[in-house]
Each structure stands twice: as structure tokens, then as C-alpha cells.
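Lifted from Swiss-Prot, the feature list:
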| type | residues | note |
| --- | --- | --- |
| BINDING | His59 | O2 binding site |
| BINDING | His88 | heme b binding site |
| DOMAIN | 2-142 | domain 'Globin' |
Amino acid sequence: MVLSAADKSNVKAAWGKVGSNAGAYGAEALERMFLSFPTTKTYFPHFDLSHGSAQVKGHGEKVAAALTKAVGHLDDLPGTLSDLSDLHAHKLRVDPVNFKLLSHSLLVTLACHHPSDFTPAVHASLDKFLANVSTVLTSKYR
């Protein structure tokens, strides 16, 4: 799915409002995913998955950092996320459906924290962006 100029603008503006909360939102999205889709917990058997756990917060920071990097390189997501794609495909072997579940959880988290900014157009742009990120992260599974 190609991001239009309007999509890119919406994604950059929305992520810009996330700012210093990115790590916290990443952790919240992970917690939301674990609660809503319990099967996703199987990829984190060594984590303390309780609310506010340091491990979930740390992984939320990693997720947020990767997305922040991706937002900064919207025209080269494959190059930007290549290492993460390798990691998830070859070492972690995460089922690709889980990226969609995390994307959904992140969209809900962003909508909860920024309801007035989460217009239908912004929602659609963020959804396309996260779908593109998911596609890149699963590209090396083939």
C-alpha cells in the first residue's frame, strides 16, 4: 500500500504529537495486545507480563523507537527496517498475524490518548503506515 503525500503528512503529524510518550504508548499497546489477544503472550515466555512490568516497558520502548525511525524514513521502510525483519523472521519466528494485532492495539492506544486528533483521515493514514511496517517486517519470511 503506497502512502500518499497526505498520508505521510498525517503520520508525521500524529507521531509528532506522541513525542516523549512514545515508549509509554508502546508499552500500553503491548499490554493491550496481551490482554485482548492472549495467544500473543507465547512469544514472551521469559517476560513478566504484569501491568507496568519493566520488561514490557522496555519492549514498548523498542517498538516505539523502531516506529519513530520508520516515521523518519517513510520513503525507505524496507531499508530502515531490514534488521528487524531479519530478527523477527529468522530468530524470533513471530507469526505474521501478530504484527496486525499489535498495530490494532497501537491504533486504539493512540485514539485513546489523542481522540480529537484521531480523525478518520489520520486513522486511515496510520493504519496504512502500520500495514506497510507489518509488510516489511514479514517480507523475509518468504
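Using the three backbone atoms N, Cα and C, a Cβ is placed for every residue, glycine included.
Around the Cβ of His59 (O2 binding site), 17 further Cβ atoms fall within 10 Å across all displayed protein chains. Mean pLDDT, taken over the domain 'Globin' (2-142), works out to 94 on the 0 to 100 scale. Neighbours of the residue listed as 'heme b binding site', defined as other CB atoms within 10 A of its CB across all chains, total 21.
Per DSSP, the domain 'Globin' (2-142) is made up of 111 helix, 0 strand, 30 coil.
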